[in-house]
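*Asks:* What TrEMBL lists as domain 'Ketoreductase' is 20-210. Residues annotated as NADP(+) binding site in TrEMBL: 26-54, ASP80, LYS174. The substrate binding site annotation in TrEMBL covers SER157. Per TrEMBL, the feature active site, proton acceptor maps to TYR170.
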Amino acid sequence: MGGRSQVLASRGINMADAPRTVLISGCSSGIGLELAVQLAHDHRQRYQVVATMRDLGKKGALEAAAGEALGQTLTVAQLDVCSDESVAQCLSCIQGGEVDVLVNNAGVGLVGPLEGLSLAAMQNVFDTNFFGAVRLVRAVLPGMKKRRKGHIVVVSSVMGLQGVVFNEVYAASKFALEGFFESLAVQLLQFNIFITLVEPGPVVTDFEGKLLEQVSTAEFPDTDPDTLHYFRDFYLPASRELFRSVGQSPQDVAQVIVKVISSPRPPLRRQTNARYTPLAALKAVDPSGSLYVRTSHRLLFRWTRFLNLGLRCLPGPSYVWPVAASASEYGPG
């Protein structure tokens, strides 16, 4: 035994009864904030939460929501997932450096016509969404393997399962996460370490609203008039209607993740919005992918009125097309 295990044993605390240390990235707002607060307020006090964010100047909302849990079952720490030094510094502040549950939540969005997006912006998406998650896993994995237990939760997206128009780069970063962690999951079962990919659809946040407002007036240089027309007059209205009609709250998504973390045998994948189940089935029905692509194309460009009417009248779980599924699920931080 070493680190935290040794400390607890010296106090006569059974490791099986000890709170699990949960490290969460991207907690300044949205899903990360809600998840940190829900775990910290667990009535059985099963978790010791380390809620992190890139900019500690944005910790006010989290600390207010944490209330009496702050300093008890929740600690706020600085963490930039794009920096090796920041990751090392954050882990050094955790007793024994032992993380039982890692939640990779930090992420950024990017939406718009491909020709109008810079390579630097695309690289930033991958640096945060993909390599940021890989960096954190590399840091905590040796300890988990040594203890032969652990749980890695990755906040992915339905766009890690199917591509969405005008979200090519964001979807690609989520596809990369899905392939990487599914591959890693096979090896880690030998160490009793579980991986879960949580796949939300649209998540309604202030950041999402601001992003859609910004891109609606953005210039997108080097983009032809027809593509701009399709983006502004077809995609954006359908996206706003989708978020309004079927978007989940960060609280709803966080509740799903809490259940996943508390499960004795966590699943590899867990979608948070049942309305996307029929969409995923399209790819299963037609492995070539043609059915999904053609259906998505027709709904956006040919059956626009039908799509909008269907979304407005949708009373419960049903078929929807994920037009802007979380171009900003997490927001900055």
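Glycine is no exception: its Cβ is also placed from the backbone N, Cα and C atoms.
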*Asks:* Among GLN38, SER157, all listed as binding-site residues, which has the most CB atoms within 10 Å of its CB?
*Replies:* SER157
*Asks:* Do me a favour and check the Cα-Cα span between VAL50 (NADP(+) binding site) and SER157 (substrate binding site); whole Å is fine.
*Replies:* 23
*Asks:* Take the C-alpha atoms of GLN38 (NADP(+) binding site) and SER157 (substrate binding site) and report the distance between them in angstrom, rounded.
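*Replies:* For GLN38 (NADP(+) binding site) versus SER157 (substrate binding site), the Cα atoms are 21 Å apart.
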*Asks:* Rounded to the nearest Å, what's the C-alpha distance separating the residue listed as 'active site, proton acceptor' and ARG46 (NADP(+) binding site)? Just drop the number here, would you?
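*Replies:* If we compare the Cα positions of the residue listed as 'active site, proton acceptor' and ARG46 (NADP(+) binding site), the gap is 34 Å.
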*Asks:* Which whole-number value in Å describes the distance between the Cα atoms of ARG54 (NADP(+) binding site) and the residue listed as 'substrate binding site'?
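*Replies:* On Cα coordinates alone, these residues lie 21 Å apart.
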*Asks:* Is it possible to get the count of other C-beta atoms within 10 angstroms of the C-beta of VAL50 (NADP(+) binding site)?
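*Replies:* There are 23 of them.
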*Asks:* Take every residue in the domain 'Ketoreductase' (20-210), average their pLDDT values, and give the whole-number result.
*Replies:* 96
*Asks:* Would you kindly give the Cα-Cα distance separating SER157 (substrate binding site) and ASP42 (NADP(+) binding site), rounded to the nearest Å?
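*Replies:* For ASP42 (NADP(+) binding site) versus SER157 (substrate binding site), the Cα atoms are 26 Å apart.
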*Asks:* Of ARG46, ARG54, the binding-site residues given in the record, which has the fewest other CB atoms within 10 A of its CB?
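*Replies:* Counting other Cβ atoms within 10 Å of each of the binding-site residues ARG46, ARG54 gives the minimum at ARG46.
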*Asks:* Quick one: Cα separation, GLY30 (NADP(+) binding site) versus SER157 (substrate binding site), in Å?
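*Replies:* Cα of GLY30 (NADP(+) binding site) to Cα of SER157 (substrate binding site) measures 14 Å after rounding.
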*Asks:* Cα of GLY26 (NADP(+) binding site) to Cα of SER157 (substrate binding site): how many Å, rounded?
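*Replies:* Approximately 15 Å lies between the Cα of GLY26 (NADP(+) binding site) and that of SER157 (substrate binding site).
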